[in-house]
Amino acid sequence: MADGELASPQPDVSPSSAKPRSQLRFYDKVLLFPTLCNSKEYELWKKYFFTGTVSLAAVAAPLQSNILLPALSEISTYFHVSRSLVNLSVAFYILAMGIIPLWWSVISELYGRRPVYLISFAIFIVWNVVSAESTSISMLIVMRVLCGGASASVQAVGAGTVADLWEVERRGQAMGYFFLGPMVGPLVSPILGGILTERLGWRATQWATVVYGAIVWLLILFCLPETSQAAARKPPSSSRSNQERSKAILQQIRHIFSILLEPFKILAYLQFPPILLTVYYASSTFACYYAVSITLQTLFSEAPYSFSPIIVGLVYIPCALGSIVASLLGGRWTDHIMRRRATSAGRLNSETGQIQSLPGDRMGENAWLASVMYPAAGLWFGWTIDKGVFWLVPCIATFFFGLGSSTVFSMTSTMLTELLPGRTSTGVALNNVLRNALACVVVVVMQPLIDAIGPRWIFTGLAVIGWASIGIIWLFRRNAVGWAAAMESKLAS
């Protein structure tokens with residue numbers, strides 16, 4: 001066993017711990033694995049397998065977002081429109097990725113994770129087919145908005161699945177493995193997009209996402225059981241009386257209204273400082289991430305670099321590699337920091353090994369390092385690419401940018417699953433809507449800003465904003481106990 005890795009007993013899954021077949025929904029009866037009453041009782045290898053499955057599903061959103069980046073110039077020429085207008089296909093996709101998961105999150109809390117995955121990926125496949133056959137830039141933008149809303153279900157619900165499966169002591173490590181998917185997507189998709197665009201045209205990029213979506217849908221259908229207790233309700237019986245059926249119909253109507261209105265109530269959680277600051281920290285970092293992505297595509301495809309779509313796709317590799325390293329190591333690092341701080345504060349039960357965590361327990365030297373690293377790397381990137389320095393120099397900067405920014409993403413997402421016990425998807429969905437809205441604004445304004453002041457001054461300003469976020473770490477260290485008590489009291493009332 002690796003040093004620092006917590007021992008985890010492998011439970012003996014007896015038939016009695018599995019849900020009776022009569023309680024399974026019709027689409028659960030094709031599963032190759034049993035559906036347990038308590039998802040944390042799965043054997044360790046199954047937990048890893050299910051986490052990996054959700055991670056593969058999480059590739060879909062960044063795959064669809066980034067696979068089109070090397071093709072933006074070709075799309076601009078094909079539809080005879082400006083680059084800024086084509087960028088809207090990316091910007092509105094990002095916005096949909098943020099807003100629609102609010103509803104996916106509510107549905108998952110009411111009916112479970114599995115129906116959300118199956119429905120959203122079926123929709124994802126259909127809209128990608130239509131997107132591939134777009135006849136105008138407006139049609140392409142609308143279809144990508146719909147694709148973004150469908151694929152983004154995993155962003156909120158996936159983190160909930162991880163929280164369903166894993167105890168808090170190993171959740172950070174598991175969350176790191178889950179985030180490998182969103183990190184691998186930006187590594188593979190620009191390369192794939194560049195190859196497909198140069199060889200077959202931009203439409204081939206959309207057909208590639210159709211194929212990937214179909215593979216993921218089949219994998220979920222047969223290999224990913226329901227993990228949420230929200231799905232524990234017994235399905236309707238055909239032998240019920242008319243009165244019981246009427247009550248059931250009224251209950252379903254109430255559920256529908258809850259689904260429609262609940263996302264607006266989620267915004268009320270921003271009244272709690274730990275949630276507000278965590279969301280701001282993640283959102284400002286995510287906006288910087290997309291500023292780098294758009295700048296890479298724009299400037300490397302123009303003089304003095306003038307790279308082809310394939311080469312433009314390849315320059316995204318360093319940033320993605322940094323993100324992958326952060327996902328592999330950052331989750332275990334946050335678990336170690338949380339356990340160390342809880343132990344030193346006397347919040348670790350020596351008999352059960354359970355930790356009483358506080359907001360900000362996962363923020364230690366990892367947060368300090370990341371908050372210094374990614375703004376500095378962004379500054380390095382902006383000034384060197386603006387001056388037309390040899391291409392390798394700004395690309396090296398993006399590696400450290402990916403390493404620092406993805407450390408922030410993994411840490412804040414894990415924190416948000418723990419700040420709202422029992423509603424693990426809610427905090428992540430709230431984070432997604434605000435960070436993607438900010439990223440959408442950045443994508444829309446990046447091209448005009450690049451033309452007006454150049455990337456060096458853009459990334460100078462973003463670096464100042466990033467370094468200012470260091471104050472959030474200090475606020476968590478100072479106010480964690482008081483914030484935890486106030487949140488617990490308010491949520492209990």
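Note: Cβ is positioned from N, Cα and C throughout, glycine not excepted.
Database features (TrEMBL):
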REGION    1-20  region 'Disordered'
COMPBIAS  11-20  compositional bias 'Polar residues'
TRANSMEM  48-72  transmembrane segment
DOMAIN    50-481  domain 'Major facilitator superfamily (MFS) profile'
TRANSMEM  84-104  transmembrane segment
TRANSMEM  116-135  transmembrane segment
TRANSMEM  141-163  transmembrane segment
TRANSMEM  175-195  transmembrane segment
TRANSMEM  207-224  transmembrane segment
TRANSMEM  275-300  transmembrane segment
TRANSMEM  306-331  transmembrane segment
TRANSMEM  366-383  transmembrane segment
TRANSMEM  389-412  transmembrane segment
TRANSMEM  433-450  transmembrane segment
TRANSMEM  456-476  transmembrane segment
Key: Recorded stretches the transmembrane segment (48-72) and the transmembrane segment (141-163) touching, at least 3 CB pairs under 8 Å   = yes
Key: Cβ-Cβ under 8 Å with the transmembrane segment (456-476): same-chain residues at least 6 beyond its ends   = 273-274, 277-278, 280-281, 284-285, 287-288, 291, 295, 359-360, 363, 367-368, 371-372, 374-376, 378-379, 381-383, 386-387, 446, 449-450
Task = Count, for each of 116-135, 275-300, 306-331, 366-383, the Cβ pairs lying under 8 Å from the transmembrane segment (175-195), and report the range with the highest count.
result = 306-331
Query = Looking at 141-163, 275-300, 366-383, which one has the highest count of Cβ pairs under 8 angstroms to the transmembrane segment (116-135)?
reply = 141-163
Inquiry  = Cβ under 8 Å, sequence separation of at least 6 from the ends of the transmembrane segment (141-163): give me the contacting residues as numbers and ranges.
reply    = 50-51, 54-55, 57-58, 60-61, 64-65, 68, 88-90, 92-102, 104-105, 108, 113, 116-117, 120-121, 123-124, 127-128, 130-131, 134, 171, 174-175, 178, 181-182, 209, 213, 227-228, 413, 416-418, 424-426, 428-429, 432
Query = By Cβ distance under 8 Å, which residues at least 6 away from the ends of the transmembrane segment (84-104) in the same chain are close to it?
reply = 61, 64-65, 68-69, 72, 75-76, 116, 120, 137, 140-141, 144-153, 155-157, 259, 263, 266, 290, 294, 425, 428-430, 432-437, 439-441, 443-444, 446-448
